[in-house]
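Visitor: Just dropping this structure here.
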Amino acid sequence: MSLTLERGAIAPLPVLQDNIIWIWSCGSEAVVVDPAVAEPVIEALQQKGLTLIAVLQTHHHADHIGGTPDLLRQWPDAAVIASGQDRGRIPFQTQPVAAGTRFTLLGVPVDVIDVRAHTSAHLAFFLPEGCSPGGHPPALFCGDTLFSGGCGRLFEGTPDDMHRALQTLATLPESTRIYCAHEYTEGNLRWAHALQPEDRAIKARLEDVIALRTQHKLTIPSTLAEEHRSNLFLRAQSAAELGRLRQLKDDWKGF
């Protein structure tokens, strides 16, 4: 797997059908976010001469934690950072964290944000100073909560939960890069355009996304500013509106 990594960089590793594993590196050390599988991660890190020091787990679903046990066999000293409320479902975690706390990785602060909705203990990890000191934009690892053009399904939460979570994320800086865990942008925007064909921001973004996907390029990370303009779920004014949109999206058969 060819991976382009610079010092203090976050790089995507596409796996399975649409998962994105994020590899955040600085110097010779790396942090991996939501590793669905291990083999391509091991290959990529070894290719770049990187040592895994930590795994960030946003939630317990198999396509986010499936590769972690094998990564720990390869790098047994790596920390596994996850919600302390989810010890039963992420039993190999070594550093339980709680919402509202801060820790340091690769020399920069990481804030833990409660975004329970998709699952009951879902966390997001926010890097207010970016992925390394020195002027990088803020970064958000948000798992399956805020997607590019969409939001996660409500498996264990309610529309109120998701609305609260998204409104919390909406207060972050507009320049924040959104590192979500799936490449869902085209489908999300096709649905949004079908629902609101007159919305110019959605239409323009969809055209850009289709052009990228035609070239087999990723559409993420996006920015919070872009999501404010064209993400119907982030724009929802109430939990009731979000719930209506979520049901419409769940029932949509278009893409």
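Every residue gets a Cβ built from N, Cα and C, even glycine.
Since we're looking at a predicted model, the values are computed, not measured.
Here's the feature list from Swiss-Prot:
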BINDING   HIS59, HIS61, HIS118, ASP144  Zn(2+) 1 binding site
BINDING   ASP63, HIS64, ASP144, HIS182  Zn(2+) 2 binding site
Visitor: Let me know the DSSP-derived helix, strand or coil state of HIS182 (Zn(2+) 2 binding site), please.
Guide: strand
Visitor: Quick one: which residues besides HIS59, HIS61, HIS118, ASP144 have a Cβ within 8 Å of the Zn(2+) 1 site's Cβ centroid, in sequence order?
Guide: THR58, HIS60, HIS64, THR119, HIS122, GLY143, THR145, GLY152, PHE155, ALA181
Visitor: Among the binding-site residues listed here, HIS59, HIS61, which has the most company in the form of other Cβ atoms within 10 Å of its Cβ?
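Guide: Of the binding-site residues HIS59, HIS61, the most buried by Cβ count within 10 Å is HIS59.
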Visitor: Near HIS182 (Zn(2+) 2 binding site), meaning Cα within 10 Å, which of HIS59, HIS61, HIS118, ASP144 (binding-site residues)?
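Guide: Within 10 Å Cα-Cα: ASP144.
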Visitor: Counting across all protein chains shown, how many other Cβ atoms sit within 10 Å of the Cβ of ASP144 (Zn(2+) 1 binding site)?
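Guide: Result for ASP144 (Zn(2+) 1 binding site): 25 other Cβ atoms within 10 Å.
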Visitor: Per DSSP, to which secondary structure element type does HIS64 (Zn(2+) 2 binding site) belong, with helix, strand and coil as the options?
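Guide: Once the DSSP labels are grouped into three classes, HIS64 (Zn(2+) 2 binding site) ends up as helix.
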Visitor: Which chain neighbours of the Zn(2+) 2 site, leaving out ASP63, HIS64, ASP144, HIS182, have a Cβ atom within 8 Å of the mean position of the site's Cβ atoms?
Guide: ASN19, ASP34, ALA36, HIS59, HIS61, GLY143, ALA181
